[in-house]
Ligand code: BGC
C-alpha cells in the first residue's frame, strides 16, 4: 500500500501526502500510536470515515465461547478477545451547518506525518464544505511514554477565507459500532457492545465514562479534560449518557482566527479494583498530566525518544526505504513493548485486533531479543508477566498430564486460547523460547536480582515440563515426541530439532541457575538428583540427521516424506493452509516458516559451517514463507552462509511487511515480530552479531546494496557502537568499562580510548539455492524511487 505515491520516503518520518480512503484500514495500523499500555489506531480525529475504529488497553479483553465441531479433552472452553475500548480520540467538527467529513465537499490538501523522533502523529488538512466554507484543521496526537495512562490531542481549526461558525464535539464513546466481521456468530454476539455502563459524567470541560465487560468482568474508566482557546465568544457545554460523554464548543471564527482544543484522556482498568478506586485512578492520572501540560507532555515524549534512539538507532546507507523501514520497525516495537509492564506484548501490539489481540512465542523469540539489547527494562517486565501467569501454566500442565508449567500458545491473560491444538497446545517450544529469553536477558544485563526472583522459577518449571514430555529410549537417548515445531506445516512430529535443541538449553540453564541460587531452588523443591537428570537429558538429546544427505532433519523422518508438488501449486494457492487440507500438508515436505533454519540461528553452536550451508540449501526449496516470521530468520542464515543478495531480499521482505502490506492484512494490525525481525536481519544478519553467555561476536559483511550499516547495543552495562562500511568494521565503546568481543573469530579488547577497526574479509559467494516456484523473495510491487 505504501508503494502508493501518496507515501513519501524519509529517514525519520512516515509521511502520507494525500488521503486515500481505500487505504484507511492499512494507514490506521501504520499510524497507530501506543505505549504498550494504551493503543490508539490512526483513525481520523472526526471518527469517520474509518477502516476499523480502534482504542485498546493492554490486557483488556472479553471472553467468548470457543467453537468446536467435536469436543475433546483439554480443549480450552473459552476464548479471549481484545476489545475496542472507550474511544477518546473523537473530535467531531461542524463547519457552519456541514459535518466535516472528507467524503463530502472538497479536500484541498491532507497530510499525516508519523514523526518517529518526537513520537507524535501530525495531521494537517484544508477542506471546503459543500456550502463553500473553507477551514484548515491541524492536529497533533500522542500516546505518552512517560505517563502511561495518558493520550492527548491538540486540535486546531482555522477559518480560511470567510467567517465560519464552528462547533466542535469532543467525545468519549463506548461500544462504538464496528464493521461486522465474518466468523463464528457466538463470538460476534459476545463482542457486540461488550461494555456495560456503570457511570457517566460531564462537568464543565471534564468527561468520564466507566464500564465493565459482561463476562470477563473487567472494569474500565476513561476520563478527559480539555483546555479551550478561541476568540470571544467561544462557548462550551457538556453532557453525558451511558455510552457517550461530550464537550461541545461553539465559536465564530473570522478568516485567520483559530479555535484550539487540547484534549487529554486518561485510561485505567482493573479486574479487582472497585469503581471508586478505578475512577480515582484516572482522575489522578489526569491531574498529573494536567500539571505537566500539553507542551510538557510533548517535551517529555521527545526526551524519552531521544534516549531511545541514542540506545537503539540503526543507520543504513544505500537504501532509503530500508532506513525508513528499520526506524519504523524500531519505533513500533518500542510502542508495543515499552510500557507493557507485566502484561503480554501481543503479536499485533496495540495496533489492531488481528489474532484477537493474543500473544505468542513471537514475543520471546522475535521482540525480546531486540529489546534485550536496546530497552532491557521492558524485557524484565515482559518476563515477569510470564512469571505472573505461572499458576495458570502449572494448572495447564497438570490438565495435560505433565509436570512443571505449560505456557499457552496464544493468550491474553495466561490461559490457553488455542482452538486448534496441533498448531497450538502441541507447539510446546514456546516454553523453551520463554526460558531462552530469560537466559539471554540475564546474560546481557547481569540482572541477578531478576534471575533470583523470576528467572530460576521460569527455568525450573519449564525444565520440568520437558522432562515429563520427553523420554529416554533403551539406548539412553532422550526424545521429545509428538510436538509441533515453529513450522506449522508439520504437526505432532517426533524430535523436532529446533524444539530439542532449545529444550536442551532450557534443561542445562535451569540446572545452572538452580546451582547459582540454591535458596530459590530449594524453595522450588529442586534437588541434586533432579538437576542431574536435566543435565543427562540435555546431553542425551536426540538430533535427527540424514546420513546420506548429510543434513539435519527438521524432525525425525522429515527428509523421507514426499516433497510437496510445488510445480502444481498455483501462486494464488498460497498460503497453503487456506487451500489444502492440513492432512496433506502435514505428510509432505513443505515448510511454512523457518524451523531448522531458525535453530541454526538460535542454537548456531550445534551446527558446523558445512552443515549450516547444506541445511540451508536443503530447506530453502521447501520453505514457502506463509508466515511473516520467516523472512527475517532466513535473512540471518542466508547472510551467515554467504548468500548476501538473498539475505538482502529477505531483509527487505521483513522490513516492508507492513509498509507495503505484503500479506494483505496490515489492516488487522502490524506484524510486530516481523518488524523486530528487521532489526534481527540487519544486526544479526549483516552485522553477524551472536551473543551466547560471555561471548559477543560479530561476523559483519555488507550486501552490495548497502554502503554502511551502523547500530548500537546495550550489553553488560556497556553501550557499544558498531559501524560497518565496505571492507571495514569499527567498534566503539561508547559507555562503560573495557570489554572483549570477537570479530570474524579474532578477539578484540575495546577500551574507551579509541574505536577499533578491522578489515572485513571478502565473502565466498556461492550460488544461492532456489525457493519454491513463485516464492522467491523480492518485492512483488516494484520498489520505486520515491521522494
Ligand atoms: C505463525 C506463528 C506465529 C503466529 C502469530 C502464525 O502464522 O505460524 O509462528 O506465532 O502466526 O504471529
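Each residue, glycine too, has its Cβ placed from N, Cα and C.
Of the listed segments 714-750, 751-787, TrEMBL assigns region 'Disordered' to 751-787.
Shown in sequence order, 360, 365, 486, 488, 627, 629, 630, 673 are the same-chain residues outside 361, 362, 592, 593 whose Cβ sits within 8 Å of the Cβ centre of the substrate site. In this structure, the C-alpha atom of residue 488 (active site, proton donor) lies 13 angstrom from that of residue 361 (substrate binding site). Sequence-distant contacts of residue 362 (substrate binding site), defined as residues of its own chain at least six apart whose C-beta falls under 8 angstroms from its C-beta, comprise 347, 629, 672, 673. Those residues noted as binding substrate (361, 362, 592, 593) have their most widely separated CA atoms at a distance of 16 Å.
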